[in-house]
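Swiss-Prot annotations:
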type	residues	note
COMPBIAS	358-368	compositional bias 'Polar residues'
DISULFID	Cys125-Cys202	disulfide bond
CARBOHYD	Asn22	N-linked glycosylation site
CARBOHYD	Asn198	N-linked glycosylation site
MOD_RES	Lys321	N6-(retinylidene)lysine
REGION	353-376	region 'Disordered'
TOPO_DOM	1-51	topological domain 'Extracellular'
TOPO_DOM	77-88	topological domain 'Cytoplasmic'
TOPO_DOM	114-128	topological domain 'Extracellular'
TOPO_DOM	149-167	topological domain 'Cytoplasmic'
TOPO_DOM	192-215	topological domain 'Extracellular'
TOPO_DOM	244-278	topological domain 'Cytoplasmic'
TOPO_DOM	303-309	topological domain 'Extracellular'
TOPO_DOM	335-376	topological domain 'Cytoplasmic'
TRANSMEM	52-76	transmembrane segment
TRANSMEM	89-113	transmembrane segment
TRANSMEM	129-148	transmembrane segment
TRANSMEM	168-191	transmembrane segment
TRANSMEM	216-243	transmembrane segment
TRANSMEM	279-302	transmembrane segment
TRANSMEM	310-334	transmembrane segment
Amino acid sequence: MSLINEPSYSAYSWGGQGGYGNQTVVDKVLPEMLHLIDPHWYQFPPMNPLWHGLLGFVIGCLGFVSVVGNGMVIYIFSTTKGLRTPSNLLVVNLAFSDFLMMLSMSPPMVINCYYETWVLGPFMCELYALLGSLFGCGSIWTMVMIALDRYNVIVKGLAAKPMTNKTAMLRILGIWAMSIAWTVFPLFGWNRYVPEGNMTACGTDYLNKEWVSRSYILVYSVFVYFLPLATIIYSYWFIVQAVSAHEKQMREQAKKMNVASLRSAENANTSAECKLAKVALMTISLWFFAWTPYLVTDFSGIFEWGKISPLATIWCSLFAKANAVYNPIVYGISHPKYRAALNKKFPSLACASEPDDTASQASGATTVSDEKSASA
């Protein structure tokens, strides 16, 4: 069954005991919120309270893990002298964005799931959606800048101009300036923020049929989905190509020296290109699975591709918020120097006792970037 097709109404009934008659998912919405509700949602019966309970529990767990994980990344990178480098400023910014996203969005969602509707009023609805858009956009473009930094270091090599603290801060300021711009447009009439789905969350209005509103979704998707995704794919494609060419040169050099490999015996079985290809595939795949459900839902709304159910919007929310949980693992904990600092400050929480070359590659050669910046 398609994500956006008409849902199975067993998801909205009391354990199959007859349904709700003429009740709808909108019935519990506060009177002052009704002018924000699209007529589309009145066709759906109330959701089974178990779904609200499950959603609240999962969002609460994701929020706790994300706040702790990203908080530790910020603390370790900020207090460890060897990690305070230009490239790692981007990693800290990503952790900062994800930290604030879940800190600001998880508690309201849990509260609303408890009451089975949005109970915090119109202003908080707008603020909730605004913060979700702000931190989501900030995280997306920070990941783009990290990919471009790795491309600059690995593909261009010595010919590349190393990133300094000043250029890193300028990029971060640019990220937040652009994110704020995209976030405030709906407050001035280009689209708007409204309750959606099971009425426990708010987001952009993708059901409005006016082209002024639709145009915001289209332009926003270009600059906050398609362009970032294309840039990340482009960067990692050429990174893998560059590492592959380097591996080929190493094999040829080893052949001339009449040795099996220039690598240590420990790493001889797995080439750097294979490891980095896996990392690139993982990075792109996680990004794709985090944000694509929202894009599909938004486009389904503005182009009327199918009937969007409240249940579908739940999955969109979960996938996007899960991104804030695994980002600290992909971009922070995989960094060998980070793990060494973690082992020193929190021995019981350390992921590994010793950093290794594989982990260094898993961090996307950030260490190489750091050393190059330091030598500039």
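Glycine is treated like the rest: Cβ placed from N, Cα and C.
Sequence features annotated in Swiss-Prot and their locations in the structure.
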residue: Asn22; record: N-linked glycosylation site; CB count, 10 Å: 7
residue: Cys125; record: disulfide bond; CB count, 10 Å: 24
residue: Asn198; record: N-linked glycosylation site; CB count, 10 Å: 26
residue: Cys202; record: disulfide bond; CB count, 10 Å: 26
residue: Lys321; record: N6-(retinylidene)lysine; CB count, 10 Å: 23
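When the Cα of Asn22 (N-linked glycosylation site) is compared against those of the recorded positions Cys125, Asn198, Cys202, Lys321, the shortest separation belongs to Asn198. Residues of the same chain lying 6 or more positions beyond the ends of the transmembrane segment (168-191) and with a Cβ under 8 Å from any Cβ of it are 86-87, 89-90, 93, 126, 129-130, 133-135, 137-138, 141-142, 145, 204-205, 208, 212-213, 215-217, 220, 223-224. The stretch with the most CB contacts under 8 Å to the transmembrane segment (129-148), chosen from 52-76, 89-113, 216-243, 279-302, 310-334, is 89-113. Against the transmembrane segment (89-113), the recorded stretches 216-243, 279-302, 310-334 differ in Cβ pairs under 8 Å, and the greatest number is found for 310-334. Non-local neighbours of the transmembrane segment (216-243) in the same chain are 136-137, 140-141, 143-144, 147-148, 150-151, 154-155, 157, 178, 182, 185-186, 190-191, 204, 206, 272-273, 276-277, 280, 283-284, 287-288, 291, 295, 298-299, 301-302, 364-365; each lies 6+ residues outside the stretch with a CB under 8 Å from one of its CB atoms. Rounded to a whole value, the Cα-Cα separation of Cys125 (disulfide bond) and Asn198 (N-linked glycosylation site) is 14 Å. DSSP assigns Cys202 (disulfide bond) to a strand segment in the three-state reduction. In the three-state DSSP scheme, Cys125 (disulfide bond) is classed as helix. Long-range contacts of the topological domain 'Extracellular' (114-128) within the same chain: residues 28-30, 32-33, 36, 46-47, 49, 52, 56, 104-105, 108, 187, 193-195, 198-202, each at least 6 residues beyond the stretch ends and with a Cβ under 8 Å from a Cβ of the stretch. The residue listed as 'N6-(retinylidene)lysine' sits 17 Å from Asn198 (N-linked glycosylation site), taking the C-alpha atoms as the reference points. Broken down with DSSP, the topological domain 'Extracellular' (303-309) shows 1 helix, 0 strand, 6 coil.
Remark: secondary structure over the topological domain 'Cytoplasmic' (77-88) totals 9 helix, 0 strand, 3 coil, with classes taken from DSSP.
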